[in-house]
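**Q** Have a look at this one before I ask anything.
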Amino acid sequence: MYSPQRKDFVSLMLGDQHSHNYTNGKHRRQSCWRKWKQLSRLQRSLILFLLAFLFICGILSYPSLTEQWRDCTIFFIYSCLFMLGFLNLQRKPPSKRGPPALQKRGNVSDWYLSVQDYMSKFSLCLRSTVNYLLYLFPVKAVDRVEAVREAFRHAWKGYKAFAWGHDELKPISKTHGEWFGLGLTLIDALDTMWILGLKDEFAEAKKWVETELSFSKNVDVNLFESTIRVLGGLLSTYHLTGDTLFLDKAKDIGSRLMPAFKTPSKIPYSDVNIGKGTAHPPRWTTDSTVAEVTSIQLEFRELSRLTKDPQYQNAVEEVTRHVHRLEGKRDGLVPMFINTNSGKFTRRGAFTLGARADSYYEYLLKQWLQGGKKETELLEDYLQAIEGVRKNLLRQTSPSKLTFVGELSNGRLNPKMDHLVCFLPGTLALGAHNGLPADHMELALQLMETCHQMYAQMETGLSPEIAHFNLQSNNGRDIDVKPADRHNLLRPETVESLFYMYRFTNDSKYRDWGWDILQNFNKYTRVPSGGYTSIGNVRDPLNPAPRDKMESFFLGETLKYLFLLFSDDNELISLDKYVFNTEAHPLPIWPSTSSGRSPELS
């Protein structure tokens, strides 16, 4: 039924601003039809073209219609201007009378008035068209939280169809990859599904854990990776659900990892055979990486608290104490390798906050928080390390003065920064939130901008694995990427820090940056049959070179942090009640006690 309040669209397109006052609907329709018939074929074609374009634009922009509406409108304006200009050229020239000079002058005047007339009608046309279409097709604001759920379901669809129960999905070849044979993606994603409220998906995953997951396998696993992904994932899921199934599985894998600590120095080996109960270093060295041996503490300490068995906490805290007093640091910065026989740092000339050292610094702060801020040695080491970063690794680019964290190699700074380092803004902000110096937050803000630019300055809007920063303005760019470093593995570190920064500042730009990242994941890494893939070239939007691999941390970390970033519920995994392990599995902060020991063990 025709509504008296609805403006007559065709009348407005014709510039008749009085026709909408008619009270008789029949007369109005007849008047509109007469005016429509009076238009030339070209004019009617123009109107139909504009309507069709707006309709197609709305369809193409779904489900993020409001985000894309501005771009559609801009293109619409240009299209209208072009068509109106074309129409104006088709008009018959005015009759020429008088002297040539006056003829020319009159033509210009006529043309100007014609353009004015067309622009006036165009403006009215534009406003009425948009208002009318929005009236007919109300546009809801984009539900970013639901968009993350949809992305998870799409990734889960591929995993369930082609890699169920296996470690990793290969979405392009529609098959799976195996690392340890422990269902890494499924276990890594358990608490994500619970947090996202995906009950059906969680129920089917739980059933697999209950009936199929077994750690009684003759297989070598990496101590660090299995601790943060499997042990951490099971402990977190137990805390969120209260289901003892996950605690029992956590006890099983935790006990099977303990042979790694049977070394001369008590610095654990990197690899454990969880079926045979044996451990060994990699074939090529007797070293372990510092990050790996110092980033298992949150999980083993929590396992001791829950089981009331101190062996797990004792083993990892002995490592912490050993590294605390070890020589070879530089202003709190640690080398990347440590020997399992001697217990000493090796290859001492290199210092980085990237691969092989990154989570050492993260776990200093988070253990201090986990234990109720009682373990002062951890805090001292963390504060000293941040000052070491400022003194030795911090630089600014040219021309835009982006602050970045470089690497030190034999006293020489390499202006290279791994994407992994983008955990640091969030960690700094977390420390400042818990009473550490305010300038930590200032540094966090600066580094967050740099990590954002690592995405924004790439043609795909996705960050490379490694970026090199310019200290001299020789080519006008702040960031260079070498061909071997142009891949993107769907890593979480930047969205992790965006989550912390939004929680502590409430600045909506961090949500917008995260939304851009999710949209670019959907544009360049989403596989139609299900899943997302790593890509090989973030500089080539036409051929990003899919790598046919979806890492488990995409579901375990990246999508989880995006969901929490967009959620308005700050009590959903409150940062005053939980600390996230380095695989984004939340573990509870212990109740306040007189020491840093687990309350059940004190």
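Using the three backbone atoms N, Cα and C, a Cβ is placed for every residue, glycine included.
Predicted automatically and left uncurated, TrEMBL annotations should be read as such.
Found this in TrEMBL, in case it helps:
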- 45-62: transmembrane segment (TRANSMEM)
- 68-87: transmembrane segment (TRANSMEM)
- GLU225: active site, proton donor (ACT_SITE)
- ASP358: active site (ACT_SITE)
- CYS422-CYS451: disulfide bond (DISULFID)
- GLU465: active site, proton donor (ACT_SITE)
- GLU493: active site (ACT_SITE)
- THR582: Ca(2+) binding site (BINDING)
**Q** Do me a favour and check the Cα-Cα span between GLU493 (active site) and ASP358 (active site); whole Å is fine.
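**A** Here the two Cα atoms lie 11 Å apart.
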**Q** Check the Cα-Cα distances from GLU225 (active site, proton donor) to the recorded positions ASP358, CYS422, GLU465, THR582 and tell me which is shortest.
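**A** Its closest listed neighbour, by Cα, is THR582.
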**Q** Over all shown protein chains, what is the count of other CB atoms within 10 A of the CB belonging to CYS451 (disulfide bond)?
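**A** 29, counting other Cβ atoms within 10 Å of CYS451 (disulfide bond).
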**Q** Express the distance between the Cα positions of CYS451 (disulfide bond) and GLU465 (active site, proton donor) as a whole number of Å.
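**A** Per the Cα atoms, CYS451 (disulfide bond) and GLU465 (active site, proton donor) stand 12 Å apart.
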**Q** Across all the protein chains here, work out how many other Cβ atoms are within 10 Å of the Cβ of THR582 (Ca(2+) binding site).
**A** 26
**Q** Enter the number of other CB atoms within 10 angstroms of the CB of ASP358 (active site).
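**A** Neighbour count, Cβ to Cβ under the 10 Å cut-off: 24.
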**Q** Roughly how many Å lie between the Cα atoms of CYS422 (disulfide bond) and ASP358 (active site), rounded to a whole value?
**A** 10
**Q** Can you tell me the CA-to-CA distance separating the residue listed as 'Ca(2+) binding site' and ASP358 (active site), as a whole number of Å?
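**A** Just about 10 Å between their Cα atoms.
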**Q** Please work out which residue of GLU225, GLU465, GLU493 has the most C-beta neighbours within 10 angstroms of its C-beta, and give that one of the active-site residues.
**A** GLU493
**Q** ASP358 (active site) to GLU465 (active site, proton donor): how many Å between their Cα atoms?
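**A** A Cα-Cα distance of 14 Å.
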**Q** Near CYS422 (disulfide bond), how many other Cβ atoms are within 10 Å of its Cβ?
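**A** Summing over all protein chains shown, CYS422 (disulfide bond) has 30 other Cβ atoms within 10 Å.
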